[in-house]
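Per TrEMBL, these features apply:
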- A:11-508: domain 'Major facilitator superfamily (MFS) profile' (DOMAIN)
- A:12-36: transmembrane segment (TRANSMEM)
- A:48-71: transmembrane segment (TRANSMEM)
- A:83-104: transmembrane segment (TRANSMEM)
- A:110-128: transmembrane segment (TRANSMEM)
- A:149-171: transmembrane segment (TRANSMEM)
- A:183-202: transmembrane segment (TRANSMEM)
- A:234-255: transmembrane segment (TRANSMEM)
- A:275-293: transmembrane segment (TRANSMEM)
- A:305-322: transmembrane segment (TRANSMEM)
- A:406-434: transmembrane segment (TRANSMEM)
- A:446-465: transmembrane segment (TRANSMEM)
- A:485-503: transmembrane segment (TRANSMEM)
Amino acid sequence: MNNAKKTLWKVIGASSLGTLIEWYDFFIFGSLSIVLSTKFFPADNPTAAFLSTLATFAAGFVVRPFGALFFGRLGDLIGRKYTFMVTLMLMGGATFLIGCTPSYESIGFLAPLIVLLLRLLQGLALGGEYGGAATYVAEHSPEGQRGYWTSWIQTTATFGLFISLVVILLTRLLLTEAQFDEWGWRVPFVLSIFMVYVSYLIRKNMDESPEFKRAKSEGKTAKSPLRESFGNTYNLKFVLLALFGAAMGQGVVWYTGQFYSMSFMKTVMFLDTDQADLILGIALLLGTPFFVVFGKLSDRLGRKWVMLTGMLLAILTYRPIYEAMYQLTNIEKKTEQADLRRQTVMAKETAAGQILEETITKYFTDGTTVKHITTSMPALAQDGGTQDEAVQFKPSQKTTVLISGINYVCLVILIFVQIVYITLVYGPIAAFLVEMFPVKIRYTSMSLPYHIGNGIFGGLLPAVSTYLATNAQLQGKVDFYLSGLWYPIGVAGVCFIIGAIYISKSMNANAVKP
Amino acid sequence: MESLKKILGVVWILLAVVTAYFCVFEFGIPKLYTGHQEDLVFGIIILCILTPIISIGMAVFGYFALRGEYAKKKM
């Protein structure tokens, strides 16, 4: 391996590790949201619940694009390396401090307030990190190989989610449920500081990107990156094209494959939570290498059609894929082994009275197991109970499905296919965005469309899809569970048309003139 | 192709208007009156942040397309 290639691998390693850690930090908050809500945001307290909502929405929708602008400007003024060092430290520090923050029980309102501020800092840091890392790697890459080298950065978002799931799963396995609930949930947050420190040590010895160094030595850096990026019609039209012709579709395909699929498995298919996490984990692991495959392919075929192929496949196949997923746990089409059916009733004594938990377990010929768990309070049922008892106890019904054999394999494949779509659209996009803008405003100009595409168009997916599915259910549509898909299909469809018509192959080769 | 790019500019402007209507009247304002705090915050974010970004962004894109800014000679 020659020296240039060795240096490039060091650049990739340093950049990817840092970005991976940032995604990990961002995702553990979401993955542990249920535990966090009990520790910091008690639902019965309206102010804490309000802060929780802000933490959920503001970090993704508001702060990420703002972070892209703030750090993008900084990166175009003082350099890529120092800027993404700052974002790394900011993210690591915020994550570590979330793990150290005393709970609501200990310090009251201060706890949710601190966590909200730290979550906003996380969003800010993430908004600045990605553009910096992608730009830094692209500016080190040889001409004609940017797709391949930047695709390593692209693996980090998916891999970050995977690592966050693994760390949480391992922590749960190593501790008892009580230990995890008491202090164990802090471990994934605290761990982050060690990872960030290692990444910091690696990154601090790296050089500034050669293209930025050259531009700086020639006095060609931007004086006002924000004005030059968005106040200049010539450049603004490329920012809008990057958003509506690429990032918007990429955002919804990414969110559908990684998050909507998980939510669909858990809330529509009623799949067991651990099984759903594991299936997604396997699919992520199998799919991740394809980021590099399609990044490299985009160097040969051009970025445009690799990305648009991913979008088109998603548009055409999302509904059949989700229909097939739904049918895998649809017990109406399965044959029950009635003689194996089991029914158990467990009584639990609580301060409010006796709670009965009735479990009916059904076994099906294809290996599917379905558990219906009903909890009730007989005293309440008989005399209506007191006001306090009624508040404390809510009867519930829960269905959990476990699949096995061919059904399990089929589900892994169906999720894997969606991950491959993600790799098609996401693998080449860093190189595509970097090549669209000139060095002097690259960090600012590419970061904003990326974070609006992902944070806003992708982030809206759960809310809009739930709205569409609920409306369809109210209208009595038989396949209401597929209606939520019209949002990613519609957004990706518009993006596909814009990308196909307005993005030209020559556009990337000619970096935008100032 | 150059004419198509221009004509579609009108479509993108209309799409911006439809998106704005949907975001404001179907999605944003109803959320303000559900009585849930979570919906209230989300409604405010939709009205004040998401709608301007999505709709104004799309409208400007459509305007640029209509004006011929995306013609091959100008890229």
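Cβ atoms are placed via backbone N, Cα and C, with glycine included.
Just so it is clear, the model here is predicted, and its values are computed rather than measured.
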Remote residues contacting the transmembrane segment (A:48-71) - C-beta distance under 8 A, at least 6 residues beyond either end
29, 33, 37, 40-42, 83-84, 86-87, 104, 109, 112-113, 115-116, 119-120, 122-129, 131-132, 226, 443-444, 447-448, 450-452, 454-456, 459
If you count every Cβ pair below 8 Å, which range out of A:83-104, A:110-128, A:149-171, A:305-322 shares the most with the transmembrane segment (A:234-255)?
A:305-322
With contact taken as 3 or more Cβ pairs under 8 angstroms (pairs 6 or more apart in sequence), are the transmembrane segment (A:485-503) and the transmembrane segment (A:110-128) in contact?
no
With pairs closer than 6 in sequence left out, are the transmembrane segment (A:110-128) and the transmembrane segment (A:183-202) joined by 3 or more CB pairs under 8 Å?
no
Can at least 3 Cβ pairs under 8 A be found between the transmembrane segment (A:110-128) and the transmembrane segment (A:83-104), with each pair 6 or more apart in sequence?
yes
By Cβ distance under 8 Å, which residues at least 6 away from the ends of the transmembrane segment (A:406-434) in the same chain are close to it?
134-135, 137-139, 146-147, 150-151, 153-154, 157-158, 242, 246-247, 249-250, 253-254, 256-258, 261, 265, 279-280, 282-284, 286-288, 290-295, 297-299, 303-304, 306-307, 309-311, 313-314, 317, 321, 324-325, 328-329, 366-368, 442, 446, 449-450, 508
Taking only the residues in the domain 'Major facilitator superfamily (MFS) profile' (A:11-508), give me the average pLDDT of this model.
89
